[in-house]
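Annotated features, as they stand in TrEMBL:
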- 9-187: domain 'YjeF N-terminal' (DOMAIN)
- ASN56, ASN57, GLY58, GLY59, ASP60, GLY124, THR125, GLY126, ILE127, LYS128, GLY129, GLU130, TYR135, ASP153: (6S)-NADPHX binding site (BINDING)
- ASN57, ASP120, SER156: K(+) binding site (BINDING)
Amino acid sequence: MRVVAGEEMKAVDRYAIEEIGIDGRILMENAGRVAAKNIMKNFGRQKFCVLIGSGNNGGDGFVIAKVLQENGYHVSVCVIPERDKIKGDAEYHMNIYLNSGFSFTQYDQAPAESADIIVDTMLGTGIKGEIRSPYKEIFRELNKMDNTIISVDLPSGVPADESPVPEHALQADHTLIIGLPKLSYYT
Ligand SMILES: NC(=O)C1=CN([C@@H]2O[C@H](COP(=O)(O)OP(=O)(O)OC[C@H]3O[C@@H](n4cnc5c(N)ncnc54)[C@H](O)[C@@H]3O)[C@@H](O)[C@H]2O)[C@@H](O)CC1
Ligand SMILES: [K+]
């Protein structure tokens, strides 16, 4: 099996988008649908909270939240950044999510705390440098809770390469791979 670092995964996505011609929004729809299907198959009808960040990992989160709710799951959705910070493919899927009649709130500890399962789509392979606020504080809070955390692509805050894992990175119970396994799964 091929294992990649974040930059290599980006190159694979870039190749799919620029050379093969697959729209990045379709890649995101597929990634989110596969993740949602996996969640529904393995975790059943519990109370979910999907946490969404500002990048494309968050874009996967809008697709997952939409598919779970379309299938009748109990889901609260919390977005970390202000709505106008969400751009590109993630903004496209945020708009589809909202136009489908679903809603979200800004991040708050309460819905996360009351959920059985947290779906983490806050940060993926695009993380650079030290984990910044408000993410590091949110990860610290989440790491103290005892609900199950399912991270999409990577536990948020964990780099995709061999760099050391920061102290306050999210501690996931399960990680759903998007594309190919990342090098940091094995380090
Ligand atoms: N079309 C695509 O590019 C696809 C991307 N995919 C998803 O997109 C992810 C990668 O997306 P992005 O490259 O947008 O990156 P991320 O979504 O991982 O993160 C980017 C965001 O994080 C912020 N950020 C960066 N470093 C930070 C730090 N140290 N502390 C706090 N915030 C920080 C940036 O300001 C940016 O808003 C993958 O992990 C995967 O889940 C999948 O949807 C497949 C298709
Ligand atoms: K994540």
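Cβ coordinates come from backbone N, Cα and C, glycine included.
Keep in mind that TrEMBL annotations are predicted by a computer and have not been checked by a curator.
Structural mapping of features recorded in TrEMBL.
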residue	record	contacts (Cβ under 8 Å, 6+ apart)
ASN56	(6S)-NADPHX binding site	GLY24, MET28, GLY88, ASP89, ALA90, GLY124, GLY126
ASN57	K(+) binding site	THR121, MET122, LEU123, GLY124, THR125, GLY126, VAL152, ASP153, LEU154, SER156
GLY58	(6S)-NADPHX binding site	ILE52, VAL79, ILE80, ILE86, ALA90, THR121, MET122
ASP60	(6S)-NADPHX binding site	MET28, ALA31, GLY32, ALA35, THR121, GLY124, VAL152, ASP153, ILE178
ASP120	K(+) binding site	LEU51, LEU142, ILE149, ILE150, SER151, VAL152, PRO155, SER156, LEU170, ALA172
GLY129	(6S)-NADPHX binding site	none
TYR135	(6S)-NADPHX binding site	GLY53, ILE80, MET122, LEU123, SER156, GLY157
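Proximity of the binding-site residues (ASN57, THR125, ILE127) to ligand 2: a Cβ under 6 Å from the molecule is found for ASN57.
Checking the binding-site residues ASP120, TYR135, SER156 against ligand 1, the ones whose Cβ sits under 6 Å from it are TYR135. The (6S)-NADPHX-binding residues named in the record, ASN56, ASN57, GLY58, GLY59, ASP60, GLY124, THR125, GLY126, ILE127, LYS128, GLY129, GLU130, TYR135, ASP153, extend over a maximum Cα to Cα distance of 23 Å. Following the DSSP three-state reduction, the secondary structure of GLY129 ((6S)-NADPHX binding site) is coil. Under the three-state DSSP scheme, TYR135 ((6S)-NADPHX binding site) falls in the helix class.
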